[in-house]
Each structure stands twice: as structure tokens, then as C-alpha cells.
Amino acid sequence: MSNANNNGQATAKGGCCGGGGSQDNKANQNSGIVVSNTSTDNRNKFDKGFKLVLLGEMNTGKTCISSRLVRNEFGPTDSTIGAAFLVKSMVVDNINIKLEIWDTAGQERYRSLTPMYYRGAAAAVVVYDITKKNTFETLKRWVSELQKHASPNLILALAGNKVDLPNREVQVDEVNRYISELGNAIFFETSAASGQNINELFTEICRRLIENYK
């Protein structure tokens with residue numbers, strides 16, 4: 001199934017995010033993992049918990065997307081070192097879902113670490129920048145790695161981020177053709193700046209997860 005929206009708001013200053021905003025993540029330099037201050041008070045309230053991994057080239061907006069989803073914030077971010085870990089609780093179709101989100105680094109030097117993060121993932125969101133064609137071409141490599149190494153039941157979603165920026169280089173029709181080759185992947189164009197389609201993207205992922213694991 002393909003879900004695309006051609007409207008969105010995004011900006012690209014100071015890494016993947018622009019404008020103001022707070023950064024509440026604390027880094028563990030030894031492990032290369034950033035643990036979000038967002039936490040859950042009572043894990044027993046969740047009916048289902050799932051691991052989700054964010055993949056894609058650096059500066060495509062992975063961290064901005066996760067920050068918008070988890071904290072409803074948008075602002076400048078530093079490049080992720082290794083991976084960042086966040087938790088988001090959602091109620092979808094009257095089911096309490098806990099998403100354990102691994103936001104992976106997009107730099108080439110961290111590429112060898114990536115399989116460690118997406119192994120055991122129930123879902124993956126691969127992000128590209130609609131104004132940079134090369135990030136969509138690289139997305140195909142991420143998808144290929146997932147197909148080889150991840151669970152065959154993995155829920156795959158593609159996110160075309162920064163949709164309001166000028167000079168679009170990746171057309172929706174091109175993405176839809178690629179998705180038709182993949183089969184049942186989810187696709188949304190998103191805006192971390194405005195929040196457009198962020199909740200919709202993850203809600204659809206949760207629905208697929210519920211269907212897969214009910």
C-alpha cells in the first residue's frame with residue numbers, strides 16, 4: 001500500500017533541522033548510544049511493544065522526525081553518533097503500543113554498526129530527502145540490506161522528508177514505481193518542521209504491526 005502526500009513543511013538549517021528547539025538527549029560516549037529523557041511510567045500499561053529502526057543518509061531528517069514524533073519538537077540537531085534510543089507510546093485502534101525507536105547514524109563510518117540496531121526490529125522507516133536524488137538512490141541500498149538481514153515479517157516504510165523545500169529532485173511517481181517493486185511498503189512524504197504526516201506515518205506502521213502480531 002502506498003500513501004503519499006505532496007504537501008508539507010520543512011526546513012534545513014543546522015544539520016537536518018532548522019530554527020530553534022531544545023535538545024534533551026544525553027550521550028553515552030562509550031556506547032555510542034543517545035538515550036532520550038522520554039520514558040514510560042508503567043510498562044505494564046502497554047498491550048504491545050515493538051522495536052523500530054530509522055535508517056537513511058545523514059541530514060535526511062531522521063532525528064528530526066523522531067524528535068517531532070516523541071516530543072513534538074523541531075530544532076537544530078547534532079549528527080547522531082552510533083544510534084539514539086527513544087520510546088513513544090501510541091494508542092491505535094484502542095490498543096496501547098510502545099515503539100522502541102532506534103535512530104541510527106547515517107554517516108558511512110557507522111555503516112558497519114547498523115545491522116546491530118536493526119536485527120530484531122519489527123518495523124523500519126527508511127528516510128530520504130526529496131530535494132536530494134542521491135539520498136533516494138542510497139535508500140535502495142538500505143532497503144536491500146533489510147531484505148537480506150531483517151525479519152521477513154518486517155514492516156517497511158519509506159519517508160520522503162523536507163517536502164516544502166524548493167528544487168524537488170525525487171518525484172512521487174518515481175517512488176511509487178519503486179514501491180510497486182517492493183510490494184506492501186508504506187510510503188508518506190513528511191515534514192519534520194510542521195509535523196505533517198509524522199503521526200500518520202507511525203499510526204499506519206502501528207496498524208500493520210497489530211495486524212502482523214495479533
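Every residue gets a Cβ built from N, Cα and C, even glycine.
Swiss-Prot lists motif 'Effector region' for one of the ranges 77-85, 158-166, 203-211, namely 77-85. Predicted-model confidence for the motif 'Effector region' (77-85) is 58, expressed as mean pLDDT.
Summary: among the binding-site residues (G56, N59, K62, T104, V163), the fewest other C-beta atoms within 10 A of the C-beta are counted at N59. In the three-state DSSP classification, V163 (GTP binding site) falls within coil.
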